[in-house]
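In what follows, a single structure is set out as structure tokens and then discussed.
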Amino acid sequence: MNGIALLIGLGPLLGWGLFPTIASKIGGKPVNQIIGTTFGTFIFALVYNLVQGIALPSGAALIWSIISGIGWASAQILTFHSFTLVGSSRAMPITTAFQLLGTSLWGVFALGDWPSTSDKLVGFLALALIILGAWMTTWSEHKTDENSAKLRKAVIILLVGEIGYWAYSAAPQAAKIDGSKAFLPQAIGMCLVAICYAVYLKVKEPSQRSALAQGVSYKQIISGFFFAFAALTYLISAQPNMNGLATGFILSQTSVVLATLTGIWFLHEKKTKKEMVVTLIGLAIIIGAATMTVIV
């Protein structure tokens, strides 16, 4: 691995690692966060396509790519809602674990990954470790009924959101479209969800000011740039002449460590010393298990 490939591979670490913390720090409701995030992603993707001279795909490739973006934005709204319940430092390891589980199971049952019995044994052991690691990051030394109820609600929300994240990764595969060409139409799908969600909330509560007219929604464009930067650098990192799919994937998953720690440090999502130790061990288990899923 050369230096340039490593730097590009660390792009998702910075982008996806800082994205949830920045979105939470800027503030606003989930609708404000999804508007800014998707608009920022669209701007980033549009500039990238113009600079690279990439034409918008057509036909099934366009439709599947837009569906991919719709899936991501729908899931991300639910993830933002989970932040309001348990904070990003607890929500991010859970959603990362669910995405790893979803991606791995899709690969096994739909794409024929882990063909041998030994591969399956190692792979499913890794999935069990991912679940263990995610549970450890949510462990609380001083439990209360209220906090336990919030955590259960957040887990259910994130589990439902996994359907959208699965569509985000699986839909482009259905069209067999290159990731860089799917980038802009994915952003279009994301923006459609954000606008529809904002309009729905305005119709539901006419007396409330539309999120599309609130300044905080457009401040969130900054967080969208971080997400888009991570998504683009991951596409580049996963190319065979860079880090390759397996190494690129492992490097990208390290973002959960940064997302969790910055949530604790900068958003003051406090943990006791014991909780911090257990959280760090849980994060290490998730990263180690993610590595296992791509080497079998």
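Note: Cβ is positioned from N, Cα and C throughout, glycine not excepted.
Beyond the ends of the transmembrane segment (2-24), by six or more residues, the same chain brings 33, 36-37, 79-80, 83, 87-88, 91-92, 220, 222-223, 226-234, 236-237, 242-243, 247-248, 251-252, 254-259, 262-263, 266-267 to within a C-beta distance below 8 angstroms of the stretch. The transmembrane segment annotation in Swiss-Prot covers 2-24 (among others) and is backed by sequence analysis.
Marked as transmembrane segment by Swiss-Prot on the basis of sequence analysis: 34-51 (among others).
Annotated transmembrane segment per Swiss-Prot: 58-80 (among others), in sequence order, evidence recorded as sequence analysis.
The transmembrane segment annotation in Swiss-Prot covers 90-112 (among others). If one looks beyond the transmembrane segment (90-112) by at least 6 residues along the same chain, the residues whose Cβ comes under 8 Å of a Cβ in the stretch are 20, 79, 82-83, 120, 123, 126-127, 130-131, 133-134, 137-138, 151, 154-155, 158-159, 161-162, 165-166, 169-170, 253, 256, 259-260, 263, 269, 279, 282-283, 286, 289-290, 293.
Taken from Swiss-Prot, the feature transmembrane segment covers 121-139 (among others). Sequence-distant contacts of the transmembrane segment (121-139) (same chain, at least 6 residues past either end, Cβ-Cβ under 8 Å): 86, 90, 93-94, 96-98, 100-101, 104-105, 108, 113-114, 151, 260, 275, 278-279, 281-286, 288-290, 292-293, 296.
Swiss-Prot lists 182-201 (among others) with the feature transmembrane segment, giving sequence analysis as the kind of evidence.
Positions annotated as transmembrane segment by Swiss-Prot: 221-240 (among others).
What Swiss-Prot records for 245-267 (among others) is transmembrane segment, and it gives sequence analysis as the kind of evidence.
Residues 89, 93, 96-97, 100, 104, 122-123, 125-127, 129-130, 132-137, 139, 245-246, 249-250, 253-254, 256-257, 260, 264 of the same chain, all 6+ positions outside the transmembrane segment (276-295), place their C-beta atoms under 8 angstroms from a C-beta of that stretch. Summarising the annotation, Swiss-Prot assigns transmembrane segment to 276-295 (among others) and lists sequence analysis as the type of evidence.
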Touch test for the transmembrane segment (221-240) and the transmembrane segment (58-80), at least 3 Cβ pairs under 8 Å:
no
Near the transmembrane segment (34-51), which residues from the same chain, at least 6 beyond its ends, have a CB less than 8 A from one of its CBs?
19, 23, 26, 28, 73, 76-77, 80, 180, 183-184, 186-188, 190-191, 193-195, 197-198, 211-212, 216-225, 227-229, 231-232
Determine which residues of the chain contact the transmembrane segment (182-201) at the Cβ level, with the cut-off under 8 Å and only residues 6 or more beyond its ends counted.
31, 34-35, 37-39, 41-42, 44-46, 48-49, 54, 56-57, 61-62, 64-74, 77, 168, 172, 175, 208, 210-212, 228, 231-232, 235
